[in-house]
Amino acid sequence: MRIILALILLLVLSNCASSDSEKAHSPIDLQELDPSMPTSYPELHGHISEKLTGFNSLKGFQSIPDGIHEPNPMCMEHVRTALSPGGAQYLKILYSLSGKFVNELGNPELCRDIEQTEYVMMKIMAGLSFTIGLCVPNTCGTPEDFAGLKEFLIKKAKDFGLPEEMPLDVQIMFPYKQKSASWGAGGISTLALLGLITVLGIVGSFTEYIPLFRKPGSLPSDKPEKKINKLGLALHSFSFKTNLQKLFHVSSQGDDDLAILNGIRVFSICWVIAGHVFMIGSGAPMSNILSMQNMMTTWYFVIVPGGFFAVDVFFMMSGFLTFYLLTVKMYPKKGWTNFPMVYFHRWFRLFTPAAFCILLTNFVFKHLGSGPSFQQSWNMNCEKYWWSSLIFINNLVPWNTGLMCMSWFWYLANDFEFFLISPIIIFFYCRNKIVGYALVAILMLVNYIVNMVLTAQNDLGIMFTLSGGGDFFDLVYMKPWSRFAAYGVGAIFGFMYYEYKQDKKKMADENLEEIRPSLSTKIMMAPKYSTLITYFYFFSGLFLTSFFVFIQISFYKEKLNSNPWSKTSNMLYNAFGRSFFVLGLILIIIPTFQGRLPWIKHLLGNNTMIVLGRITFGVYLMHIPWIIMLLADSRQGMWVSNLNAWWLVLGIAPISFLFAIPFSMYAEVPFMNLEKHFLMPKPPPKKIVLKEQQVESFERINKTVDSEEPKSLLLPKKS
């Protein structure tokens, strides 16, 4: 290990003492050094290092225990050659192809192409990520040559004042020494599956016109379900033509009030993308990593960590739609429904897109780039825990979120676990509304208490810091008992919306006597009768959403490894912040149900938003692989600024939406069609219910027909 430390010192630390950037990046010229240099290896090394950096490596490394690692004789010989007077050119080559500062990768491809050199990446993770690319003699480019380096660096980091609680990890990677990733059985199977669906999609587009699949006596104008046999219907489920038409067709049917949710989905997923670009980008090599602190202290930077609230918006909408739609289905039956089929439908709806995402990410995407860290960036921890991500318990198994397969699937796990208890709560609501509301309130109260206790016991902040990020994600951010509150707010909103729609139907029925609207209806309809109440709802919601985003300015203006808020402030924010944020969003939405604030409905409920809203699930699943692909394929550290990062967001978002269209055609829509045609129970035929006026009209017509025989239909009498 002494040899590797010597190389690192020569190749990396040679610029630390120089303030002149041009001088710092100029190659080392050994001929300019003192000609009276010592000739022995240890003294020569110490002399050179002190000349370049002011730090004598001989004295510094004498404290390293000899037993850490026995030197590699071949590697030592190459280092002696490089440090000898005749090895100046060799050392120049090593130096010129290596990174000159942290997060500089050097010239990995040229170093790889030289026969006597090997490219090595050293990645140090201490809150932020520090990477250096080294071009070393090929005899030194083995994992054994770096044995003990991690322990040494950790010891030295603590000596230099790194906080004890800050996690530190060191990874040594040999990107070009490893064999290029082979497709293997998983990759070939994934490509075969994609090819099969392509064939099915093409054939399915023509099933309506192939006599083999036509039912006898069917008409061309009939729906596919009526004119195609079962085999044809199975193929038709994959039809690219039909599925694309459905995707881009906007029907006038449905609840027009809820069209606004599509725009909320679109803007929320874009907010999630922005947060992940900054978050994942912080782990990529950055040329100006020391500027990260200044960038995070600007007032507008809080929009980025504010993006974590966008996840709670999805939780709220999931709770709202689940509780409203299931209540519509279950309330007339006093809470009963086909519970196994309800649960299967929810799991199957999530399973097929999630499975395709796992296959593409683990077996296909890693072949689409060649950067020095590209192969290592696709380690998604799916070898052991892939199964837990497909039955959506991956936020619990494994308990350590760092071992989770597809780490961003934690949201799907929470959403599915919340859904498991939803039909049970709705059952009790259908029997007694107060009990239904109480069950949701109790679960929300448990959420608040758990978050406050965990925050206090573990001294957590409102979001990740460099020293406590892992605990925050493991304990508070990804566990279901800490995230139910936003879903619960949506569930209560769903109950209220159901009661409002039922009262609205009764009010529209002229034959009913005067009804007493529920409290939910009064809250929903209040903006209809008062402009003042409309703007009270709007500005109250705007205040709540803005407050919980921008209050974070006072948290992030301090050092990244600090927790500037008091324990009480952190407890209250972690407990109530998310539920109050989505409550503010609901207050903004409610006036639009009464035709108020039409500009919001035009912005969020237009046809474009409806179409884009249908593919947000695919965007959520696949946007992180696109971010990784872009950052991991880089050969150099990127220059980070707010402007550059937002330009990256504006590039990733459209790519993610465009890719979500074919992803939906392959992984989502065909399997939803198969479930609809072959697994879902067929709805009973609709009974025609006539109103009293229509019945009287038909009776008058019948009397007229009976009394006046049409002469044109009379047959001549026989003589």
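Numbers here mean position along the shown chain, with the first residue as 1.
Placement of Cβ uses the backbone N, Cα and C atoms for every residue, glycine included.
Given the structure is predicted, the values throughout are model-derived calculations rather than measurements.
Taken from TrEMBL as is:
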- 260-664: domain 'Acyltransferase 3' (DOMAIN)
- 1-19: signal peptide (SIGNAL)
- 183-206: transmembrane segment (TRANSMEM)
- 258-279: transmembrane segment (TRANSMEM)
- 299-326: transmembrane segment (TRANSMEM)
- 347-365: transmembrane segment (TRANSMEM)
- 434-454: transmembrane segment (TRANSMEM)
- 481-498: transmembrane segment (TRANSMEM)
- 532-551: transmembrane segment (TRANSMEM)
- 571-590: transmembrane segment (TRANSMEM)
- 611-632: transmembrane segment (TRANSMEM)
- 644-667: transmembrane segment (TRANSMEM)
* Interface check, the transmembrane segment (611-632) with the transmembrane segment (481-498), three or more C-beta pairs under 8 A -> no
* Structure fact -> Ranking 258-279, 532-551, 571-590, 644-667 by Cβ pairs under 8 Å to the transmembrane segment (347-365) puts first 644-667
* Determine which residues of the chain contact the transmembrane segment (299-326) at the Cβ level, with the cut-off under 8 Å and only residues 6 or more beyond its ends counted. => 261, 264-265, 268-269, 271-272, 274-276, 278, 337, 342, 411, 414-415, 418-419, 422-423, 425-426, 463, 477, 483, 486-495, 497-498, 545, 548-550, 552-553, 556, 578-579, 581-582, 585-586, 642
* To do: Any chance you could find the range in 183-206, 434-454, 481-498, 644-667 with the most Cβ pairs under 8 Å to the transmembrane segment (258-279)?
  => 644-667
* Asked: For the transmembrane segment (183-206), what are the same-chain contacts with Cβ under 8 Å, counting residues 6+ beyond its ends?
  -> 235-243, 359-360, 362-364, 367, 665-666, 670
* Residue list, the transmembrane segment (481-498) vs rest of chain: Cβ under 8 Å, 6 or more residues beyond ends. => 312-313, 315-324, 327-328, 331, 414-415, 418, 422, 425, 429, 433, 436-437, 440-441, 443-444, 446-448, 450-451, 454, 475, 520, 523-524, 576, 578-579, 581-583, 586
